[in-house]
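Asker: Copying in the features that Swiss-Prot gives for the protein in this structure:
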type    : residues                                                                                      : note
BINDING : Arg78, Arg103, Asp130, Pro131, Met132, Leu133, Ala134, Thr135, Gly136, Gly137, Ser138, Asp199 : 5-phospho-alpha-D-ribose 1-diphosphate binding site
BINDING : Ile193, Gly198, Asp199, Ala200                                                                : uracil binding site
Amino acid sequence: MAVIEVKHPLIEHKITNIRDVNTDTKSFKENLAEISSLILYEATKQLELQEVEVETPLTKTKAYRLSDSSLAVVPILRAGLGMVDGVMSLIPNARIGHIGVYRDEETLEPKHYYCKLPEDIAKRSVFLVDPMLATGGSAIYAIDYLKSQGVPKVTFLCILAAPEGIKAVTTAHPDVDIFIAKIDERLTEHGYIFPGLGDAGDRVFGTK
């Protein structure tokens, strides 16, 4: 298990853009997707390659390809949808599933409302994506469910994380690697990441 805060000037710049309350919906979505690509770049360092032979304009040569058939991307709805385009731009042949979980604003407990996964999900390593890791409840629920379906490896990608959420996920699932664009200070008394960026789902879809 590893918790990796991905350090890069481009990430810092784009995190500033999505934190800014004056950033419009279009720019927010674009920056979110770009940060997602940068995180995935780091998270895919350990992917296995298959040796192949290709023909260049000059000769045949040994080369390597990713085994995309072994990968799946699963966003936690709805905010996780904002990360999908950025992730899929790098691994376009991966399959996509969806898990719908929302947080009860009074109890802060996760509530499940939807799930659709590839039929062969038990043969795939999954990148689970959600912009915000706050209390960790939604992530833990989603990881629990993926493991119950036989998924051999789950890697969690998020944009912002609170220390409390990181601790909760690593305690519940010590085998899951977590890649984070930025670790924030703390949770507020209402369970929001501070200083945060607001409600990621609302900002992705322009609903507030």
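Backbone N, Cα and C atoms are what each Cβ position is placed from, and that goes for glycine too.
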Asker: Using all protein chains shown, find which of the binding-site residues Gly136, Gly198 scores highest when you count other CB atoms within 10 A of its CB.
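Answerer: Neighbour-count leader: Gly136.
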Asker: Measure from the CA atom of Ile193 (uracil binding site) to the CA atom of Ala134 (5-phospho-alpha-D-ribose 1-diphosphate binding site) and give the result in Å, rounded to a whole number.
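Answerer: Cα of Ala134 (5-phospho-alpha-D-ribose 1-diphosphate binding site) to Cα of Ile193 (uracil binding site) measures 6 Å after rounding.
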Asker: Listed 5-phospho-alpha-D-ribose 1-diphosphate-binding residues Arg78, Arg103, Asp130, Pro131, Met132, Leu133, Ala134, Thr135, Gly136, Gly137, Ser138, Asp199 - what's their greatest C-alpha to C-alpha distance in Å?
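Answerer: Greatest Cα separation within the listed binding residues comes to 17 Å.
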Asker: Per DSSP, Ala200 (uracil binding site) is which: helix, strand or coil?
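Answerer: The residue in question, Ala200 (uracil binding site), is helix (DSSP, three-state).
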Asker: Under DSSP, is Arg78 (5-phospho-alpha-D-ribose 1-diphosphate binding site) part of a helix or a strand, or is it coil?
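Answerer: DSSP call for Arg78 (5-phospho-alpha-D-ribose 1-diphosphate binding site): coil, neither helix nor strand.
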Asker: Taking only the Cα atoms, work out how far Ile193 (uracil binding site) lies from Met132 (5-phospho-alpha-D-ribose 1-diphosphate binding site), in Å, as a whole number.
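Answerer: Rounded to the nearest whole number, the Cα-Cα distance is 8 Å.
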Asker: Taking just the CA atoms, what is the gap between Gly136 (5-phospho-alpha-D-ribose 1-diphosphate binding site) and Gly198 (uracil binding site) in Å?
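Answerer: Here the two Cα atoms lie 17 Å apart.
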Asker: Rounded to the nearest Å, what's the C-alpha distance separating Gly198 (uracil binding site) and Met132 (5-phospho-alpha-D-ribose 1-diphosphate binding site)? Just drop the number here, would you?
Answerer: 10
